[in-house]
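A.B. asks: Take a look at this one; I'll ask things after.
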Amino acid sequence: MPLNLPDFETLKHYLEPVFYLTDPERRVFVGYLLVSLVLAIVILSRQSAPFLPTVKQIFNPRLWRHPSVLLDIKLISVNHLFWIFMLAPFFGSQIATAIATKRVLVDLFGRGDFLTWSTLHVSLLYTAVLFVADDFARFFTHLCYHKIPLLWRFHAVHHSATILTPLTLYRVHIVEVILNAMRSIFVAGVIGGIFIWLFTGKIAPLEILGVSIFSLMFNLAGANLRHSPIWLGYGKVEKWVLSPAQHQIHHSANPAHFDKNFGVMIALWDRIFGTWVASEQTQVNAFGLSENAEVKQTLRHHLTGL
Ligand SMILES: [Zn+2]
Ligand SMILES: [Zn+2]
């Protein structure tokens, strides 16, 4: 029986992580990477550190062959295969959650649809509420990953990276991939359900190029530098919006920095929970789980958590 070669769409499905580079919904979209590179060059040129050697260091093949970076790539591949073959069929869409939420609200409070706002106003409110709720859910699950020993075992995989590159974003244990997917579906579904119940007409987020305006702003503000050695602080703005440097503090191997800056964009949650640390007058000397102990950067060592 002749074997058919897979078509482009099928290949793209299997090799999806490679196509993150061309997807504006992904942080490692080539456009956002370029913006971060320009920011990195501006930051380096303003520092006393020798400029060219540092830029050369970013592109040094030895850095990209470091066991920590190679493990990032292995985990991206293994997680993707796990996801498409084993997990994706079990994850319904957020629409099912939204419908269930609306049904509960109708049962409790009767038929909604009592607000007739313009589509633009509904979209503005929906985008803002979804952004705040999603940001808080990310903060809170991240706090749980650190405070609950069983969850820390899996989240430690993200923290065992000793070299941070934009790819480290995807260096997560499969258990964290599953929990994060459940979180996103739950938040988007519940907020969607509430809005469908409240408002008549169409509910759609405000997007540019298919990307939420908040995600776009976040990525254009150098989000890729969060996982990099380039120190970009936001000064006084850090009280409201977390900077890439603040996430580097979160990855610091210095025990004084452990369990700090859990948030993604909104700094308020960390300030409320007493975990906020500014980047000014703070220095990170090394990334990883500990300043002394070396963690083996092998897939085998990380598969069951640390
Ligand atoms: Zn963490
Ligand atoms: Zn991180």
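Positions of Cβ are set from backbone N, Cα and C atoms, glycine also.
Heads up, TrEMBL stuff is auto-annotated, nobody curated it.
Pulled from TrEMBL, these are the listed features:
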- 29-49: transmembrane segment (TRANSMEM)
- 114-133: transmembrane segment (TRANSMEM)
- 128-275: domain 'Fatty acid hydroxylase' (DOMAIN)
- 177-197: transmembrane segment (TRANSMEM)
- 203-221: transmembrane segment (TRANSMEM)
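Have a look at these and tell me how they're positioned relative to everything else.
C.D. replies: Tertiary proximity for the transmembrane segment (114-133) is limited to same-chain residues at least six positions away from its ends with a CB under 8 Å from its CB atoms, namely 187-188, 190-192, 195, 198-206, 212-214, 265-266.
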A.B. asks: What is the number of residues in the domain 'Fatty acid hydroxylase' (128-275) that are helix, strand and coil, as DSSP sees it?
C.D. replies: 95 helix, 8 strand, 45 coil
